[in-house]
There are 2 protein chains.
Amino acid sequence: MTDFDETRAAFHLPEGVVYLDGNSLGPLPLAARERLSAMLMQEWGEQLIRGWNTAGWYVQPRKVGDRVAKLIGAAPGTVVMGDTLSIKVYQALSAALELNPDRRVVLSDDGNFPSDLYIAQGLLTSLGRGYELKVVGPEEVEKSIDETVAATMITEVDYRTGRRHDMKAITAKAHRAGALAIWDLAHSVGAVDVDLTAADVDFAVGCTYKYLNGGPGAPAFIYVAPRHADRARPSLSGWMGHEAPFAFDLDYRPAPGIERMRVGTPPVIALTVLEAALDVWEGVEMRDVRAKSIELSERFIAGVETACPGLELGSPRNPAVRGSQVSFRHPHAYAVMQALIARGVIGDFRAPDSMRFGFTPLYLGAADIDRAIGVLADVLDKRLWDRPEYHRKASVT
Amino acid sequence: MTDFDETRAAFHLPEGVVYLDGNSLGPLPLAARERLSAMLMQEWGEQLIRGWNTAGWYVQPRKVGDRVAKLIGAAPGTVVMGDTLSIKVYQALSAALELNPDRRVVLSDDGNFPSDLYIAQGLLTSLGRGYELKVVGPEEVEKSIDETVAATMITEVDYRTGRRHDMKAITAKAHRAGALAIWDLAHSVGAVDVDLTAADVDFAVGCTYKYLNGGPGAPAFIYVAPRHADRARPSLSGWMGHEAPFAFDLDYRPAPGIERMRVGTPPVIALTVLEAALDVWEGVEMRDVRAKSIELSERFIAGVETACPGLELGSPRNPAVRGSQVSFRHPHAYAVMQALIARGVIGDFRAPDSMRFGFTPLYLGAADIDRAIGVLADVLDKRLWDRPEYHRKASVT
């Protein structure tokens with residue numbers, strides 16, 4: 001049984017704040033400070049260049065990858081860290097298309113995170129040769145998979161509504177049609193129970209600054225199914241993915257397995273912070289997290305619907321098809337969110353009219369949810385959002 | 001006049017070590033610890049998601065880029081930070097090829113860092129359509145530029161020998177032939193006087209963990225000449241390079257100017273360390289750095305050639321065509337370097353037979369050079385390298 005008092009104590013949570021935006025950026029794991037300080041002084045400071053061997057920096061992307069693998073039902077040696085999620089989407093899509101060379105359609109949906117679509121657009125424009133990105137509604141994905149589709153590229157949990165796709169069914173349908181399935185786990189890893197092996201997924205990618213609490217700009221990860229790992233050609237063929245990076249050969253030869261998905265010099269400092277963040281997950285059972293996530297989300301929905309009749313639920317009502325976040329719609333969602341934030345309840349706004357609230361069992365409990373509901377009701381009842389300062393948009397909203 | 005005593009005091013240099021590998025990984029700037037601690041607690045810890053606005057994380061890649069720009073003769077607003085050098089090479093080459101659509105040859109040389117060649121191979125394989133990477137000897141580059149060449153892709157300073165290309169002449173020749181010039185500044189930035197504007201360079205890329213001391217895996221940078229910045233299509237079209245990232249449109253529209261070369265969420269923690277590292281450069285004149293670099297290198301070459309007759313200079317003798325590093329060849333270069341490192345003189349080995357020594361004026365002086373020469377002479381005179389432990393190769397060498 002997971003001890004959520006212990007996990008909560010592992011984070012720095014600002015006084016007076018209810019943080020419902022851990023689905024965007026997780027809070028600081030307290031151990032990160034000491035870990036980072038030790039890395040700076042004892043590793044970088046004292047070992048200097050030798051740290052690549054003596055401090056294990058060189059193997060860190062794979063070692064941390066194995067820790068992430070455990071959270072998504074992936075075998076050791078199938079996940080590697082590095083770069084950003086957008087870069088990892090590019091790698092996965094590019095490799096998948098080459099593994100299915102006679103087809104030209106990439107299938108996605110309009111609930112996907114836009115950067116995934118942008119990356120696909122950029123790649124397909126480069127490739128030319130009739131490649132096409134087909135974007136359908138989320139409910140249309142399964143029925144749109146046919147023999148023209150080279151790969152599906154889907155984010156499991158919708159970044160706005162929290163709607164959760166059926167990973168297993170879509171992957172199976174893709175395979176029956178001869179397509180490969182790529183899954184973006186940005187809003188899944190650490191949030192819902194993912195089993196890439198059971199779902200027979202081909203490629204998966206994700207980030208670590210949301211539910212895994214790795215900090216702003218924490219490194220991304222990529223999973224490649226073992227059956228593809230030695231055949232997938234890395235289009236971003238950097239030296240760290242070479243079979244023998246330090247032989248300095250002039251020709252690229254991909255490393256065996258997942259290592260070929262490494263590109264450049266790994267982000268050691270960021271990976272060190274992430275290691276401290278992953279320590280919190282030791283002893284945590286994903287099924288306990290999922291159960292508590294549903295409990296908190298259900299409590300929030302019921303409480304808001306009772307106390308705030310002016311809001312419209314923007315998320316699926318059935319928790320089985322919902323991730324670990326809930327959104328509510330309001331015509332002045334931006335200003336309402338600003339008023340909430342000014343009162344210590346932090347969620348976020350997603351254009352055009354959604355307020356998004358994330359439920360992160362590692363450090364949130366029922367009392368936080370109740371307080372958030374109370375503040376939200378107050379802001380709406382008293383129209384506290386109707387002040388000019390809450391309508392001014394910041395550069396990042 | 002640059003105060004090199006002050007710059008030296010800004011770094012943590014381990015007791016008893018002469019560090020001649022700052023061309024591979026610069027030492028820890030002492031201010032990084034406090035800066036990072038403040039970033040963790042006051043920014044990430046307290047501001048959480050709001051840090052993107054309130055702590056300036058969102059604009060950091062551009063702000064830091066402007067600081068790097070100053071060191072390479074680039075105007076404000078022409079450089080942006082992010083990703084790794086290999087990714088930035090990919091972006092630059094991909095954009096350059098599209099700006100010169102009727103040509104199919106990428107020209108490089110076999111003194112280029114292999115990752116650049118690997119990245120080109122990966123990109124050109126993806127593109128198909130008859131694209132070709134032509135790799136010539138370093139001396140052949142200028143004469144090999146003809147009307148078939150779409151872009152030259154050259155590293156200014158050779159990672160092994162320190163040989164320095166004539167950036168201005170090669171760029172001019174490329175332009176006369178209708179080609180674009182891409183320069184990799186990995187061993188140039190902070191090491192030699194670079195003036196991208198005067199040389200009329202089209203694209204430049206570089207890393208910040210060498211002479212800029214940003215730490216292991218510090219972010220890379222890309223420069224795009226203002227004349228191309230609004231026309232270059234980003235093939236890695238991530239949301240941070242979108243004209244309006246937070247509008248969450250389904251279609252990619254590149255941001256104006258250099259911002260379009262951003263890809264995913266920026267590495268805030270690593271950029272914060274880099275900011276502390278760049279503070280050391282405030283008040284430093286690049287011409288003073290270059291003058292002292294030549295002084296140190298010349299002293300080292302003269303001393304080694306006198307004291308170690310068994311070594312062969314692997315670098316150009318003329319400092320005008322040499323960067324800030326010197327290599328010497330020895331049949332047992334690997335073992336000799338291990339013996340040196342065991343005695344506190346840290347350089348590195350580059351296959352097959354080079355010992356590489358970097359000269360970093362911010363924290364090295366004549367006494368360091370003399371001590372290194374003395375230890376090297378001792379290791380060779382007494383054949384101290386001829387012990388089994390110095391012949392065992394580590395994973396990263």
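Cβ atoms here come from the backbone N, Cα and C positions, even for glycine.
In the record from TrEMBL, residues B:Leu85, B:Ser86, B:Phe113, B:Pro114, B:Ser115, B:Asp116, B:Asp184, B:His187, B:Tyr209, B:Trp239, B:Thr265 bind pyridoxal 5'-phosphate; the candidate from B:Thr54, B:Thr148, B:Thr152, B:Thr155 listed for the same site is B:Thr155. Sequence-distant contacts of B:Ser115 (pyridoxal 5'-phosphate binding site), defined by Cβ-Cβ distance under 8 angstroms and a gap of at least six in the same chain, are B:Leu85, B:Ser86, B:Val89. Each residue contributes its Cα atom, and for B:Trp239 (pyridoxal 5'-phosphate binding site) and B:Lys210 (N6-(pyridoxal phosphate)lysine) these two points are 29 Å apart. The secondary structure of B:Leu85 (pyridoxal 5'-phosphate binding site), as reduced to three states from DSSP, is helical.
In sequence order, the recorded positions near chain A, meaning those of B:Leu85, B:Ser115, B:Thr155, B:Lys210, B:Trp239 whose CB lies under 8 Å from a CB of that chain, are B:Leu85, B:Ser115, B:Trp239. Looking at B:Phe113, B:Thr155, the binding-site residues in this record, the fewest other C-beta atoms within 10 angstroms of the C-beta turn up around B:Phe113. Using a 10 Å radius centred on the Cβ of B:His187 (pyridoxal 5'-phosphate binding site) and all shown protein chains, the other Cβ atoms total 27. If you compare every pair of Cα atoms in B:Leu85, B:Ser86, B:Phe113, B:Pro114, B:Ser115, B:Asp116, B:Thr155, B:Asp184, B:His187, B:Tyr209, B:Trp239, B:Thr265, the residues listed for pyridoxal 5'-phosphate, the longest distance is 30 angstrom. Among the binding-site residues B:Phe113, B:Thr155, B:His187, the ones whose Cα is located within 10 Å of the Cα of B:Lys210 (N6-(pyridoxal phosphate)lysine) are B:His187. Within 10 Å of the C-beta atom of B:Leu85 (pyridoxal 5'-phosphate binding site) sit 28 other C-beta atoms, taking all shown protein chains into account.
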